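As written in TrEMBL, here are the features:
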type	residues	note
TRANSMEM	12-32	transmembrane segment
TRANSMEM	52-69	transmembrane segment
TRANSMEM	81-99	transmembrane segment
TRANSMEM	145-161	transmembrane segment
TRANSMEM	168-196	transmembrane segment
TRANSMEM	202-224	transmembrane segment
TRANSMEM	231-252	transmembrane segment
TRANSMEM	325-346	transmembrane segment
TRANSMEM	358-385	transmembrane segment
TRANSMEM	391-410	transmembrane segment
Amino acid sequence: MSQLESKTGKLDVWILLIYICLMIIGWLSVFATGYREGPVGIFDFSMAYGRQTLWIITSVIMGLAILLIDSRVIPRASFGIYIGILVMLLLVLVLGSVISGNRAWIDLGGGVKLQPSEFAKFGTALFISKYLSIPGVRFSNTKNRNTMIGIVLFPILLVMLQKDTGSAIVFASFMLLFYRVGMPGFIIFLVFYTVALFVATLLIKQIVLILVLFGVFALLIYFAREKRQMIIRYLIMFFASAIFIVSVNYIFGRVLQPHQKDRINVLIGKEYDPKGSAFNVNQSLIAIGSGGFSGKGFLQGTQTKYNFVPEQTTDFIFCTIGEQWGFAGSSIVVLLYVFLLIRLIIIAEKQRSEFSRYYIYAVAGIFFMHFFINIGMTIAVVPVIGIPLPLVSYGGSSLWAFTLMLFTVLKLNLHRNSVL
């Protein structure tokens, strides 16, 4: 028996159960949106729920295959997987099919389309974890830090060229991993500060906002008058903020796509078009609100059953859950994700292998970003971006990618006492 085999632990049952529960919830929700009176076949591939059945079966087979491989293969194959994903992203730009304005799919024939951007997150998580686990690599080292940023930036740029902004934004989830390996919390603060400043500039006159910031930073400088470095930092932040405020109108008017501007305007209340850009969100809110506390019951959701909600099997599938199962059912789904995220962080800290620990943190960040943005846009907390709810939304690429991520976590955790 090898040293690796002698350190094998038990499969994490909690993560496996959550995985199964979310897939079942997803299938039931997809079934509810496409159900019609008459004979029903779960393998009817002309219906979304029939195709989702196939995606689930293939995902389970894929997951079992991962559990059977040698754990040491995973870090060794990380670079090859990453390069393979980049090649696929490049192929999409040349051979990809255009759906909803995005050239993000490769047509495999027979109605099957593959979305490489979903797998790009998995490949990036593997390779960045492998790089970070190299002895001597530190976030504080400029060369190391630039390499980390480059590893994440390459797939982002390729995904942006596909006009798939939603998938590109998800890569910001790697900040959780970077924070774990030493990135200052101040950088995360700057990200949120920049977003808040962007929104504030759209709502408030530029001169007023600059004067308010001048007053705030003047107070900060006064209280830090004996700390020269802090004063310099505050001055840089103020002037950088002022320049950014002046630039916002240009960014908003010239850089963002029309549909992106419409969604932001709807979210912040500057625009209201109930039959246009606000339609999706309004119908989603109506569906969720009509569910009340306990919901209308399975197959009884009128908003989703009669297709009032666009993209109700994918981006807006959470409103199907809200309408049928109400606040109670929605809360259970949210709690499943929260428990999954907590469980991932707990087992990440138990890993002896740095590669395993970093990879699990990366997966936790990806799941959180998808969970937060998807549910947030269905309840009008964030702009409509268009990313799936993990393991619940309809689609083979999404389900396969999240299955790869989670079962790789399960496999690595089986050898948490080993150094891979």
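Yeah, the Cβs are placed from backbone N, Cα and C, and that goes for glycine too.
TrEMBL: automatically predicted annotations, no manual curation.
Non-local neighbours of the transmembrane segment (12-32) in the same chain are 48-49, 52-53, 56, 59, 298-299, 301, 304-305, 313, 317, 320-321, 324, 333, 336-337, 339-340, 343-344, 347, 389-394, 399, 403, 406, 409-410, 413; each lies 6+ residues outside the stretch with a CB under 8 Å from one of its CB atoms.
Looking at 145-161, 168-196, 325-346, 358-385, 391-410, the range that has the most CB pairs within less than 8 A of the transmembrane segment (52-69) turns out to be 391-410. Where the transmembrane segment (358-385) meets the stretches 145-161, 168-196, 391-410, the count of C-beta pairs under 8 angstroms peaks at 168-196.
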